[in-house]
Amino acid sequence: MGRGRAPCCAKVGLNRGSWTPQEDMRLIAYIQKHGHTNWRALPKQAGLLRCGKSCRLRWINYLRPDLKRGNFTDEEEEAIIRLHGLLGNKWSKIAACLPGRTDNEIKNVWNTHLKKKVAQREKKKAGAGSGDAGTPATAPLSSATSSTTTHNSSGGSDSGDQCGTSREPDATDVCTLQPEDMDVSDMLVDGAPPAAQPMPSPSSSSSLTTCVGGVEELIELPVIDIEPEIWSIIDGESAVARHGGDAAAPCTGTGTAVSTSEAEEAAANDWWLENLEKELGLWGYAEEDTQAHPDLLDHYTGLSPLCALEGDPVSTYFQTGPAAAEPELLVVVEPSAVLL
């Protein structure tokens, strides 16, 4: 095993305990004259019955001229607290940062006074931190509500002051067209077809939206209600056109058109009844029909009902019967003519 550290000086008969004033004067005189380069050799060279460690501690802690006496100032205490937080219990390094103060007295003041002071500060910070942890949840809400109310109030005032200026670009003008006075007969007369217009491109078409001075205007077309009488007039004109009438002729009156259409429907019904009577062998106009509608036969049959029967494809589908039921000839066979 190694020798390790040298044994203590007490084993060779050196002095122990407190220093006497004569020993202090010898140590001070030697260090001022030769310095303290080697603390192990210093006691023998100075003529002291002390070990090197005892001489060093006596010089550093009590005898050096720059040593400060008295209590620590507030600045020194704050410096010790800060350095202890950085370096820990390395008292020699802390003492090197505080001139005039020894590591021993710094350790003593820390253990007796500053340690309790730091503990109280940490408790206060912990209490303040717990209180602040509960308040931020409500503080942002209150600030947010206050900012919201302020923003709303300012927005309301701004909107009230600028209601005529800031919102004008968003508003759209709606133009309504007044319906022009026109005659019903002008609507029924077929006008000249409009000239062919080129197909509008998608980029140029605005679909009833025009931009005038940067403001969009929507044109609302009026809704024209067409009365039922007008539709009846249009239906009557189309029926007359199908039967050879002039489609371009203007309507002279509502009553005349309605009566003409009713007469045409009645004539068509009579014609189908005649076909049914002809199928059943009851063909022939009654005297009331010929007297009531003398022009019906001339319009549909020409000279006679037989001519109409030959010209009508529907009538020729049915088998034609005799014009009048002729009496059948009955042959009476006498009993004498019977063959034996």
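If you go along the chain as it appears here, the first residue is 1 and each next one adds 1.
Every residue gets a Cβ built from N, Cα and C, even glycine.
Copied over from Swiss-Prot, here are the features:
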type	residues	note
DOMAIN	11-63	domain 'HTH myb-type 1'
DNA_BIND	39-63	DNA-binding region
DOMAIN	64-118	domain 'HTH myb-type 2'
DNA_BIND	91-114	DNA-binding region
COMPBIAS	116-126	compositional bias 'Basic residues'
COMPBIAS	133-166	compositional bias 'Low complexity'
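Below 8 angstroms of C-beta separation, residues 60-61, 66-68, 72, 76-77, 79-81, 83-84 of the same chain, each at least six residues beyond the ends of the DNA-binding region (91-114), sit close to that stretch. Note: the DNA-binding region (91-114) comprises 19 helix, 0 strand, 5 coil (DSSP; helix = H, G, I, strand = E, B). For the compositional bias 'Basic residues' (116-126), the DSSP-based tally of helix, strand and coil residues reads 11 helix, 0 strand, 0 coil. For the compositional bias 'Basic residues' (116-126), the list of distant contacts is 77, 81: same-chain residues at least six beyond its ends, Cβ to Cβ under 8 Å. Counting residues per DSSP class in helix, strand and coil order gives 17 helix, 0 strand, 8 coil for the DNA-binding region (39-63).
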